[in-house]
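A short worksheet on the structure shown next.
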């Protein structure tokens with residue numbers, strides 16, 4: 001049998017319609033891929049994403065009562081929850097945004113490579129190390145912000161790259177991200193110091209938490225090459241530092257427990273002629289006073 005090839009004439013409008021359909025389908029595929037990546041990121045790094053969400057919520061709800069309740073303040077070190085909750089408060093937007101960038105970029109990568117539990121340990125110990133750093137340097141600092149935990153996570157990721165350099169994907173881009181984050185944080189420090197005269201940087205908190213990130217990651221992180229000597233050395237140094245910090249912190253808690261107790265306070269005010277006025281003045285902590293913060 002003979003077959004005839006019939007050529008169909010396609011109009012310009014039909015060609016344009018086909019091109020538009022192809023473009024729309026490609027855009028839909030791109031959006032679908034982005035959606036899958038976002039969902040995959042949330043699933044693979046639930047702890048980091050949850051921390052960022054909590055910090056944004058706390059910043060939106062931040063007021064005098066919340067600062068009074070959660071800020072790590074002098075004279076209230078006996079309220080031990082402040083050693084953790086201070087990390088979820090921020091002094092201003094320039095303080096919040098760099099910390100969120102630190103967590104979203106470095107925290108997600110660390111949690112994806114090392115697991116949620118290890119990321120949780122690095123983050124939590126970084127918060128506590130920041131408190132110990134403030135306690136060792138200056139016991140009169142009021143501290144807010146998750147900068148300590150962010151620096152702990154940042155330095156732990158640097159060590160993670162060193163321990164797994166041959167197997168880590170996109171290591172060059174990760175180093176660029178780390179450099180950009182450090183540069184942006186320096187800029188944010190300058191901006192805060194220039195525009196917010198009552199906000200200061202707690203360098204001891206940043207330094208101590210950075211050391212914490214290096215040591216704790218050397219102890220608990222997975223490595224593709226044997227690092228037994230590094231782990232044993234890190235365990236010894238980390239145990240010594242944390243033990244000394246804890247010992248110096250506990251007597252301070254014991255002293256402030258009595259010094260700022262109601263019994264001791266009203267006993268000292270009993271013989272004062274204006275005891276009621278002094279009581280009201282000393283017990284009230286103004287919102288402006290809490291704005292004079294270390295970040």
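Using the three backbone atoms N, Cα and C, a Cβ is placed for every residue, glycine included.
Note that TrEMBL annotation is computational and uncurated.
TrEMBL lists 78-222 with the feature domain 'Peptidase S54 rhomboid'. Helix, strand and coil content of the domain 'Peptidase S54 rhomboid' (78-222), in residues and according to DSSP, is 111 helix, 3 strand, 31 coil.
The transmembrane segment annotation in TrEMBL covers 93-110 (among others).
Sequence-distant contacts of the transmembrane segment (117-138) (same chain, six or more residues past either end, CB-CB distance under 8 Å): 45, 47-48, 51, 72, 77, 83-84, 86-87, 107, 110-111, 146-153, 156, 202-209, 211-213, 216-217, 220-222, 242, 245-246, 248-249, 252, 294. As annotated by TrEMBL, transmembrane segment applies to 117-138 (among others).
Annotation comment: TrEMBL describes 144-163 (among others) as transmembrane segment. Outside the transmembrane segment (144-163), and at least 6 residues removed from its termini, the chain residues within Cβ reach (under 8 Å) are 51, 55, 67, 71-72, 86-91, 95, 98-99, 102-103, 106-107, 109-110, 113-114, 119, 122-127, 129-131, 133, 171, 174-175, 178, 181-182, 202, 205-206, 208-214, 216-218, 221, 223-225, 227, 293-295.
Here TrEMBL flags 175-197 (among others) as transmembrane segment.
Per TrEMBL, the feature transmembrane segment maps to 203-221 (among others). Counting only same-chain residues 6+ beyond the ends of the transmembrane segment (203-221), those with a CB under 8 A from a CB of the stretch are 114, 118, 121-122, 125-127, 129-134, 136-138, 143, 147-149, 151-160, 163, 227, 230-231, 233-235, 237-238, 241, 294.
According to TrEMBL, the feature transmembrane segment maps to 233-254 (among others).
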